[in-house]
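Now, the feature entries from TrEMBL:
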BINDING   A:H28, A:H264, A:R359, A:S386, A:H468, A:D476, A:H480, A:R527  substrate binding site
SITE      A:H28  site 'Important for catalytic activity'
BINDING   A:H68, A:G117, A:P118, A:L119, A:G159, A:N188, A:H264, A:F444  thiamine diphosphate binding site
BINDING   A:D158, A:N188, A:I190  Mg(2+) binding site
SITE      A:H264  site 'Important for catalytic activity'
DOMAIN    A:356-532  domain 'Transketolase-like pyrimidine-binding'
ACT_SITE  A:E418  active site, proton donor
Number of protein chains: 2
Amino acid sequence: MVAEIDVLSINTIRTLAPDVVQKANSGHPGAPMGCAPMAHTLFAKFIKANPSAPTWINRDRFVLSNGHACALLYIMLHLTGHNISLEDLKQFRQLNSKTPGHPEANHGVTGIEVSTGPLGQGISNAVGLAIAEAHAAATFNRPGFDLIDNYTYVICGDGCLQEGVQAEAASVAGHLQLGKLIVLYDDNHIQIDGDTALGFTEDVNKRFEAYGWHTQVIADGDKDFDGIEAAIEAAKKVTDKPSIIKIRTTIGFGSKNQGEEKVHGAPLGEQDIVNVKSLFGFNPENKFFIPEEVKAYYAEIQKKGVEAYDAWNALFAKYAAAYPDLAAEFTRRVAGELPAGLKEALPRYTPADPAVATRKLSENVLNKIAPILPELIGGSADLTGSNLTRWKGAVDFQPDSTGLGTYAGRYLRFGVREHGMSAICNGIHAYGAHIPFGATFFNFISYGLGAVRLSALSHHQVLYIMTHDSIGLGEDGPTHQPIETLAEIRALPNILSFRPADGNETSGAYLTALQNKTRPSVLILTRQNLPHLVGSTVEKVAFGGYVLQDVEGKADIVLVATGSEVAIAVDTAAELAKLSIKSRVVSFPCWELFDEQSQEYKESVFPEGVPVLSIEAMSTYGWEKWAHASIGINTFGASAPAKDLYKKFGLTPDQIAPKAKKLVDFYAGRTPEYKLRHAF
Amino acid sequence: MVAEIDVLSINTIRTLAPDVVQKANSGHPGAPMGCAPMAHTLFAKFIKANPSAPTWINRDRFVLSNGHACALLYIMLHLTGHNISLEDLKQFRQLNSKTPGHPEANHGVTGIEVSTGPLGQGISNAVGLAIAEAHAAATFNRPGFDLIDNYTYVICGDGCLQEGVQAEAASVAGHLQLGKLIVLYDDNHIQIDGDTALGFTEDVNKRFEAYGWHTQVIADGDKDFDGIEAAIEAAKKVTDKPSIIKIRTTIGFGSKNQGEEKVHGAPLGEQDIVNVKSLFGFNPENKFFIPEEVKAYYAEIQKKGVEAYDAWNALFAKYAAAYPDLAAEFTRRVAGELPAGLKEALPRYTPADPAVATRKLSENVLNKIAPILPELIGGSADLTGSNLTRWKGAVDFQPDSTGLGTYAGRYLRFGVREHGMSAICNGIHAYGAHIPFGATFFNFISYGLGAVRLSALSHHQVLYIMTHDSIGLGEDGPTHQPIETLAEIRALPNILSFRPADGNETSGAYLTALQNKTRPSVLILTRQNLPHLVGSTVEKVAFGGYVLQDVEGKADIVLVATGSEVAIAVDTAAELAKLSIKSRVVSFPCWELFDEQSQEYKESVFPEGVPVLSIEAMSTYGWEKWAHASIGINTFGASAPAKDLYKKFGLTPDQIAPKAKKLVDFYAGRTPEYKLRHAF
């Protein structure tokens, strides 16, 4: 039941938010004012957390999916005792502040679970957070020990509910019966273009019912605080369905322009703020004002959080006594430490082993590591049999009622939902106890790039297992053949792309990806078989590139290639030998890691004075960084058997060798510019 | 009502499809067999088309959204007299055949309206096709002259209905009440991972009802041919809602593995094909067999199409007599000819004009050209006030009943649906009478990249108007600031990216984009104001890059920049002049077009022997192609006022000039490698 202090708290938020935006002279006051009742209700009455132990694994998660409303989130984090001061609120949207224009997870502010702002991501991440919770609970809870039982709460707006990524994730959540996921939909009828009548007239709750969600409506979210509280209580009681509560609100409630688009994305102006404060019984002279009663109230809330945390720790101590192995494993998982024996478990190969596709070699790795890496959880966007991502003995993550798996299962059936998959993986990682992976054809990583970008920005260790990585997929043709795709990933900061050439490199790519805990990795794998190469190693993948095969004395040319083209480079070297041209072959599985090596190491791979030819069955865009000439494909692909395509696109040793010779001749008597020496 | 010949025709398709796939030893037989009844019903009884005039504007459109089932489409096109021969069917998925692994629009085969295969695209394109139809009808029809009244029919599978792009487009279609859009949903319960029970358990029809669609169910789509026909008839009668008909089918109907995933993506095998043929009363010895009766039946259908076409031409002749101006305009539009006076209408500027953001300059262009270019139709993904894409006097494309516009309106309210927007634009262009545009923040083109890629592959002239193109957007921060985004586009084949530096270049970018009829263009525009530059021109944008400002004699350095950084390059040149370094400034609005210029022209811009420094406020990835050193941003951005960010990221003349000097010094006494000379 709502007391006077709740009303005062809500009005505090409603008057504080416009101050924050006004001071920055930039930002979004409308949604924070409209969402103040639901945010206060959640934080004051439901969210179980301890800001002094912000990574407590069983805390309730809160996601502000409409990230542009972050003035609200920062205010709530300040009120609840997270590391945002009133001064930080005054630095909203300023350089190097803790309060950037949209919430950034893993950037030093506690209580920000995921980065939001790009619409549709937060609510989709929340599906991942809820999956991770359900999986952790099923894995670690024991009778009398509900170690994991947290909720995931979301506030989202109309924008998030228009995005496809949200539709994908919401359908998954309904199927998975994620009862601990509760979404509060700020139904304010206003989007940037104006009234939602312009283009968003669907029946949202009916749609969510179609997905299998529980739905409720609050007709007056500006005033019916009891209703909001009761609806959240009711949602918590529904254990086999996620819940959405559609709450009709007035954007910018209290402003003279309330209910209009004007209050969405610009400061209210000083005069309107005076009116707002007067309306809510606040002294207009006061800026950034929080009444002492509100501070005291939130201090009480914080205290309850500490008590819950202490009680949980006491529970965990008993659990550790009763289940020491499980507790140790739990502790390892939450600390993000890799288990022992991982490297030793990886398959290794010799050139005598038969040729195998790297997607199959990836399956070999998964078969070996999945049993000893129980934090690995993931699946494919409905390409399991093609991506080969389901390891032996895998159990599906499914509600018991489906008869298809259990919540302790670790194999996810994402469906044909690449964007949702990627955003869900971000959420699973954000939970803090898993290493998630998602799989599809490499070309379709583009469908999910909005979320992949946030994996990188938010330091989520997500493994993107991408097969069918080039024209080598053959007959499916240009709609499925990546050309620009690797450049997309390489141009993105804080992400690793691996294109392994054979078995050892595939094992090495997994090892390196698993060891890189603060960034996502993309594993780019072939459909077609590749030979195991002389000179390939597991370990050298971590260097990004290395000399696979060399000649005596100084080489006339360096052939640098990735993935399936490394074997072609080796064969080209043999062709060139017939022409008395000495070739060094460099395998270059991870461009980004090579770039991070010492100058000395890099020079040991690409020696000065030797021209470099790159060979990669996709766009040559960007290769000028390393190579003096490039063999690749700068058009779309074609539909035909893979061998025909390699021939058509000039990617055969007999076609490459003459070009390599031309490159050598081009530099005869001249020194090629050294790509590793820079003016600054 | 279904006759014996219909059954024979359906069984012909069911036996022909496995032959096509078997011969290729690759492909998807299951869906064609399962969808044979609905495909036959559509083509034999509903689709109005004339394969000998395949671009007839009022033909009914058919989209096979589950493009992997293209054996079916090719068979139907063969039967109906399109330019696919029986021999072409035998060349399925082979090099240079007319029957690639997924349907490719604008690649020489008639009757393929849009490229499909990437799931969710076809059904979303169909929304665009239906919008284009509704708009063309509202624009050109007159009492007694229903010049435009075609339907758009779609077959789609479970996969398309799981994709977010579909969800976005379907919500738009419901809002827009597109009554002439009819979707047949092949509800076969099988996806690649297995039964749809694994992860697709939503109530599809209920979801579409929530969007405002009309829904029907056919319980036995394998046998209830009358039911399918009646349902399509019923759907046609619903004029104010798009329709979806959920048709329960058996994938691979007739195969020993019917109803299983096995028949989805691999040939049935010779023995099973023998069984299938026997089952349907065909001689198993015959391959690629079409009974004479079926040929005759389809010849009749073709004849009806010719009659409809002739009748339409007669109608058009009368229309031309009654409305000569309208008819002339109609003819111009359908021929894809630009109107006269376009270039003359473009705004031009001098350096005396005040600084303006290129997004605002884009609005100026739209205000000038929209009235004289009535084929221009488009809108924003709910960022109209930020993208500035709504020209003066624009009318919304909306159903009359909304009171918000009419079907003759040309401004589209896409909602926060970037992927759907892009796919819808592809469909609008595919209709053949419009130049569509879509707008959002540049960073969020990544959300729609799956569709943008198909704009390029399918030669759709779509204008992507992308504002807030760099850290220059300021406070919104790294979640909104493009870094890798331009590299993504530049690495993609057959697309133009324009980053204009000022008013003249913005006008030039539009002109060039409009003149490039067989590829999409991305217009990349600033939020912040930019000065009009001395030397900028409308015309030279078509060259991709040009000398904006030069020095007497040989320059010591070339500064090449795009968009907002060109003015910074000009200021840097002034700084360098103080150091007695002579700088040429090259404005480089369109990388792709520059690359297409003659060697002579390119050398006139980048002279041999002069080092080149690129300046661009995003990833330097790829710039080594033109530049000897690069200034850019290879991390994510930050949230702060734009000026602070330019300073933070080193993009101010005072910070660039010392680096430029270092570059000049680096090459003192040496000749930099000439980027325009290649070994091959």
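Any Cβ shown, glycine's included, is placed from N, Cα and C.
Checking the binding-site residues A:H28, A:I190, A:H264, A:R359, A:F444, A:R527 against chain B with a Cβ-Cβ cut-off under 8 Å leaves A:F444, in sequence order. In terms of Cα spacing, the recorded positions A:D158, A:E418, A:H480, A:R527 that come within 10 Å of A:N188 (thiamine diphosphate binding site) are A:D158. When Cα-Cα distances from A:H68 (thiamine diphosphate binding site) are compared across the binding-site residues A:H28, A:S386, A:D476, A:R527, the shortest belongs to A:H28. Straight-line distance linking the Cα atoms of A:H28 (substrate binding site) and A:L119 (thiamine diphosphate binding site), rounded to a whole number, equals 14 Å. Spatial neighbours are here defined as Cα atoms within 10 angstroms of one another, and by that definition A:D476 (substrate binding site) has no neighbours among the binding-site residues A:G117, A:D158, A:G159, A:F444. Distance noted between the C-alpha atoms of A:G117 (thiamine diphosphate binding site) and A:S386 (substrate binding site) is 34 Å. The Mg(2+) site is set by A:D158, A:N188, A:I190; from the centre of their CB atoms, other residues of the chain with a CB within 8 Å are A:G34, A:G157, A:D186, A:D187, A:H189, A:Q191, A:T196, A:T249, A:I251.
Close to A:R527 (substrate binding site) in the fold, though at least 6 residues off in sequence, lie A:A357, A:R359, A:S386, A:T467, A:H468, A:D469, A:G472, A:L473, A:G474, A:A642, each with a CB less than 8 Å from its CB. Counting only the Cα atoms, the space from A:L119 (thiamine diphosphate binding site) to A:D158 (Mg(2+) binding site) is about 9 angstrom. Under a cutoff of 8 A between CB atoms, and with a sequence separation of 6+ in the same chain, the neighbours of A:P118 (thiamine diphosphate binding site) are A:G67, A:G450, A:R453, A:L454. Here the C-alpha separation of A:H480 (substrate binding site) and A:I190 (Mg(2+) binding site) works out to 39 Å. Recorded residues A:H264 (substrate binding site) and A:E418 (active site, proton donor) have their alpha carbons 31 Å apart, per Cα-Cα distance.
Of the candidate recorded positions, A:D158, A:I190, A:E418, the one lying closest to A:F444 (thiamine diphosphate binding site) when CA atoms are compared is A:E418. Counting only the Cα atoms, the space from A:I190 (Mg(2+) binding site) to A:G159 (thiamine diphosphate binding site) is about 9 angstrom.
Mean pLDDT, taken over the domain 'Transketolase-like pyrimidine-binding' (A:356-532), works out to 98 on the 0 to 100 scale. Least crowded of the recorded positions (A:D158, A:E418, A:D476), judged by neighbouring Cβ atoms within 10 Å of its own Cβ: A:D158. The 10 Å shell around the Cβ of A:F444 (thiamine diphosphate binding site) contains 25 further Cβ atoms across the protein chains shown.
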